[in-house]
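The block underneath contains the structure these notes are about, expressed in structure tokens.
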Amino acid sequence: MSSKLVLVLNCGSSSLKFAIIDAVNGEEYLSGLAECFHLPEARIKWKMDGNKQEAALGAGAAHSEALNFIVNTILAQKPELSAQLTAIGHRIVHGGEKYTSSVVIDESVIQGIKDAASFAPLHNPAHLIGIEEALKSFPQLKDKNVAVFDTAFHQTMPEESYLYALPYNLYKEHGIRRYGAHGTSHFYVTQEAAKMLNKPVEELNIITCHLGNGGSVSAIRNGKCVDTSMGLTPLEGLVMGTRSGDIDPAIIFHLHDTLGMSVDAINKLLTKESGLLGLTEVTSDCRYVEDNYATKEDAKRAMDVYCHRLAKYIGAYTALMDGRLDAVVFTGGIGENAAMVRELSLGKLGVLGFEVDHERNLAARFGKSGFINKEGTRPAVVIPTNEELVIAQDASRLTA
């Protein structure tokens, strides 16, 4: 077994994803999910040595109970795993402007994560709980905890990409600007695309589409992010599972003034009741939309709006490529599996030289990477993301 084992933690407001990964070869020794925190059905599921197990955490359990269970129950089954841990990597959704790369966690970093919490009110406070609990559970690794920021990869954006056309003082005094998200995923697939296209990363011009329950598109020029669709928060941009993405901001005033909705109700509407769920009025699941596209009006409506928005972003970002677009990359749960989304979206972009090969497109699903374009047309690639590996590698590198 390698001596570069890293515990990767991804704390959400009501869940905790965890894995132990070899940062050298990417092998996963443990993976799992604790979920339904603060509810009677709080539970934990994990896979170790190919065996899947699950257990109840007890009513109302949360991050502390989950980490206790990982340390005292799961890792107790295999003490050599615990003994070989060299670092802990924490996924942090928002690092504000301060963090342009991953950092070893100390008091100032904890304060920085707190300072950015207003931009990620559901996520950052949960990350801080995860850090606090990890420091308690693994005292021997107290100076080996690393924060990996979802916003860091986008910090290379130029001013014209990240500024909103609002009074400049709002940016200077309050940090209101575009930050983006999914940066770790966009970074990973950029590195992988360079290998598949046989080009040095620093010469790579691509558009990366991370499509999951949340979704974002990034423009990568010479290997660096120059624009991305998510904004101050992950609400801007594409149509998502339950998020609206781009809307006319005046809709908010209309909902408030004319329909009498409260600010909290509007926030809930835009973040939890819109997107595919809002358009279908049934589900946020893209599989339903794909499976029922030909037979159900709600599914067709949702898919058409989704792909229209995605194609618009890809088209717009070609303008930032300095005249050379090497490929479009699809990743994330929808990007990797929804062949119809890829085909319909790229079908709108024939003017840019995209032509999807139907068979190749169907083959590149369920964890398989590959080119999905017809021979001789502009490359379109599917690359399964691996954010956990990036987090493990950064944690290992910074604590070596």
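A Cβ is built for glycine as well, from the same backbone N, Cα and C atoms used for every other residue.
As given in Swiss-Prot:
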ACT_SITE  Asp150  active site, proton donor/acceptor
BINDING   Asn10, Glu387  Mg(2+) binding site
BINDING   Lys17, His210, Leu211, Gly212, Asn213, Gly214, Asp285, Cys286, Arg287, Gly333, Ile334, Gly335, Glu336, Asn337  ATP binding site
BINDING   Arg91  substrate binding site
SITE      His182  site 'Transition state stabilizer'
SITE      Arg243  site 'Transition state stabilizer'
Integer Å value for the Cα distance linking Asp285 (ATP binding site) with Arg243 (site 'Transition state stabilizer') is 12
In whole Å, how far does the CA atom of His182 (site 'Transition state stabilizer') lie from that of Lys17 (ATP binding site)? 16
Between Ile334 (ATP binding site) and Arg243 (site 'Transition state stabilizer'), the C-alpha gap once rounded to whole angstrom: 15
Where the record says Lys17, His210, Leu211, Gly212, Asn213, Gly214, Asp285, Cys286, Arg287, Gly333, Ile334, Gly335, Glu336, Asn337 bind ATP, what is the longest distance in Å from one Cα to another among those residues? 23
Of the recorded positions listed here (Lys17, Asp150, Leu211), which is spatially closest to Glu387 (Mg(2+) binding site) when Cα positions are compared? Asp150
Per the 10 Å Cα distance test against Arg243 (site 'Transition state stabilizer'), the recorded positions Asn10, Asp150, Asn213 reduce to Asn213
Pick out which of the recorded positions Asp150, Asp285, Glu336, Glu387 has the most other Cβ atoms within 10 Å of its own Cβ. Asp150
